[in-house]
Every structure is written in structure tokens, then in C-alpha cells.
Amino acid sequence: MEVHPISEFASPFEVFKCIERDFKVAGLLESIGGPQYKARYSVIAWSTNGYLKIHDDPVNILNGYLKDLKLADIPGLFKGGMIGYISYDAVRFWEKIRDLKPAAEDWPYAEFFTPDNIIIYDHNEGKVYVNADLSSVGGCGDIGEFKVSFYDESLNKNSYERIVSESLEYIRSGYIFQVVLSRFYRYIFSGDPLRIYYNLRRINPSPYMFYLKFDEKYLIGSSPELLFRVQDNIVETYPIAGTRPRGADQEEDLKLELELMNSEKDKAEHLMLVDLARNDLGKVCVPGTVKVPELMYVEKYSHVQHIVSKVIGTLKKKYNALNVLSATFPAGTVSGAPKPMAMNIIETLEEYKRGPYAGAVGFISADGNAEFAIAIRTAFLNKELLRIHAGAGIVYDSNPESEYFETEHKLKALKTAIGVR
């Protein structure tokens, strides 16, 4: 292993762009925005040994690989292990969810790779740890350009407002308290996917940026939201609910922040999801250890600002990170409450299965630590078909048109990154 001062080493993106083009399987997990507690490490990893494509229960299959993971001689949260994603639809292995809608594209339930080359950036310590063979890396060159052309849209304004109205009937009838309904745009894509990531990291820097490449499939995201982190048997999650756009200037920005924090609708929705997160952690944590040390504060990103809370607990000794995954998946912030009923309503009202949207992207470390972000604010590229996808939380007093515009606010950075309006 080599150690370098971060000031003498190229940025994670500059290094990754030299690596990505030479390998079919590679990943960049980059922290470049948001609060320091979320943005400490960046990880570059690639594999010369292929990857795992999972068409069955991801937790059962990944558990079979945990015992064989080799600990890498590097500090930080990721000490070698598995990097990848889990699709939203994998929840059917853990909850009784109806199977009514077609897939938008052909995605497996999960894909993971075990990297044999790893570079870790510790932004707090100012060091770069290299556990990789860089002799096989070719020249860097420039990032290519790309072209997109509109393909289709799932749930236009009228259709989305209609399903929001239908979901309000479920809420008023007492079936659920909240449901998160999503919609998407798709485009025909040609060119260099890395250019999308380059644009996105400039437009919408976030603590959970990622670029995962599995041959002809890519997940390119700038998620603000952690699904969970396990570090030394402490489990953390940071539910986000309640959103406003950023203001044109400081005065307008503060006005929108105060409007958000004074909104009874947004606060009620947020508290509901904090309770859901507490309940999820309670399934796998030692009784009495689940706490909310920070309740309802605002975090600001390039295009939006959110209400956030922190929920923690101590993991029971008989459980591991994959148990935490199945207990928390999918996040209440992308499904609703109660979760199983909300997800069945999603399956009824949305036009397609979600695939990797609203699933999870991250890693399981060989020492038992793990970190997964929610796959939102993400472009999903499957061969030539590019999808951008966003949802809004519907509660008792939701206005259908306002919820439509919330999805558009959440899509704004992605639309800018791919050059569409």
C-alpha cells in the first residue's frame, strides 16, 4: 500500500477517468458536497475478475460471499469487500408486494463486484491510500461528449396528478399515512456516460455521488440521502423528508427555509418517516439503543434544501449489515408508511416497476462495516436507454399539482446534467 498527501494527488474524478475506460467493471463513490460527517471518504475501485449479477434474493446470495471477503490493508470505512447496487424490486423477497407491472428496462435484482484494486481518499485526514496496480492503467485522454433524444415519459402532469388524487383516497380511507409516487423520463443515449457524471458533480455536488459501471449498465448519481451506515456495530440513518428549491439569493433562500420549517404538512411527513426509521432500526438493534440525537434540521444542496434527522442504534451481535439492509429497505422516504401497504399502492398506481430507482448503492466492507445511499437523483443507463426518475411524498393534505412540481424540482439537476429541459 502507498500513502500520499491528498494535495499531491489528482482528484478522485481525475484518477477515475484514467481508469474507467480500460475496465468493464469499475466504481467511483465520491463525497464532494454536504456536511463533513457525510463527506469524509471517496473510493475508486475496479475489478479484473468480472462481477456478480443477481436474479434471486440478494441478501441470501451476498451472505454466501461474506465469509470469503479479504480484508485490504487500508484504513477507513471500506477495507475491501463488495461494491454494487440493489434494485427497489428486490423488496419482494422480504415483503409481500404484488407483481402487477412490467419492468421499464432489464435490470437484475442486484449487481456487485469484489474489487482487486482500491484507492481511498480520506478528505478529513488529507491522505490518499493506494492499494492498486496502476501499471495496467492506460493514458487518460479527454472525456467524450454525448447526445440524448427524448424517448418517452411515464406519468405526464395530468396522469401524475390523477394518481396523486387516487392515492389521497387510500389515505383518507385509512389504508396508509403516506405514499411516495414517482415518475420518469427516458432518452436514447449515445456517447460517453462519464460526461454525465462530470456534469452532475459540477451542477449538484453531494455527499453520495457514484458512478458504477457493470459492462453496458451504469448508475450515475448524486444522492443526498443515506439509507444506512454500519460502523463498529453502530447503525446510522438520516431520513430526509420535506423539500424546497434553493433561492435565487440569500434572502430568498432563507425565506424558503423558514417556509419549509414552518410547514405543518412537511413536519408531519418528516416525523412520520423518523418514526418509520426508528421502527426499522428496532428490528436489528439492541432494545433501548435506538435514539434520535438530531431532530429536524435543514441541509442545503445545489438545487434543493431538505429537512433531515439522525437516527442511530447498536446492532445486535447476531446480525450483520445485510440484516440491516433487509430491515431498512427500501427507505420510508421513497416508499411511504406503513411500508408494505404503501408499496402495494405504488405497484398499483405507477406504470412500471422501478428497477434500481429508489434502491440502494454502496458497499459492504470485509470487516463488517457498510454504507448504502438511496438511489435517487440518479441517471440509469441500460445500453442505449437513459432514465431519470423522481418521486414526491403524498400525505393527507397534499396538492396534486404541487407534488408534480416537487418531482420536477428533484429532476432539475439531472435534466441540466444531460442537457434537456
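Any Cβ shown, glycine's included, is placed from N, Cα and C.
These come from Swiss-Prot:
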- Ser31, Pro207, Tyr208, Met209: L-tryptophan binding site (BINDING)
- Gly242, Thr243, Tyr357, Arg377, Gly391, Ala392, Gly393: chorismate binding site (BINDING)
- Glu269, Glu406: Mg(2+) binding site (BINDING)
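Measuring Cα to Cα from Glu406 (Mg(2+) binding site), none of the binding-site residues Ser31, Pro207, Tyr208, Arg377 fall within 10 Å. Tyr208 (L-tryptophan binding site) sits 10 Å from Arg377 (chorismate binding site), counting Cα to Cα. The shortest Cα-Cα distance between Ser31 (L-tryptophan binding site) and any of the binding-site residues Thr243, Gly391, Ala392 is the one to Thr243. With the fewest other Cβ atoms inside 10 Å of its Cβ, the least crowded of the binding-site residues Met209, Ala392 in this structure is Ala392. Across the structure, Arg377 (chorismate binding site) and Glu269 (Mg(2+) binding site) place their CA atoms 20 angstrom apart. Listed in sequence order, the residues of the same chain lying 6 or more apart from Gly242 (chorismate binding site) and placing their CB within less than 8 Å of its CB are Leu260, Ser263, Asp266, Lys267, Glu269, His270, His306, Ile307. Comparing local CB density within 10 A for the binding-site residues Glu269, Glu406, the maximum falls on Glu269. Farthest C-alpha pair in the chorismate-binding residues Gly242, Thr243, Tyr357, Arg377, Gly391, Ala392, Gly393: 19 Å apart. Sequence-distant contacts of Thr243 (chorismate binding site), defined as residues of its own chain at least six apart whose C-beta falls under 8 angstroms from its C-beta, comprise Leu260, Asp266, Val304, Gln305, His306, Glu406, His409, Lys410. Of all the binding-site residues listed (Pro207, Gly393), Pro207 has the fewest other CB atoms within 10 A of its CB. In the three-state DSSP scheme, Arg377 (chorismate binding site) is classed as coil.
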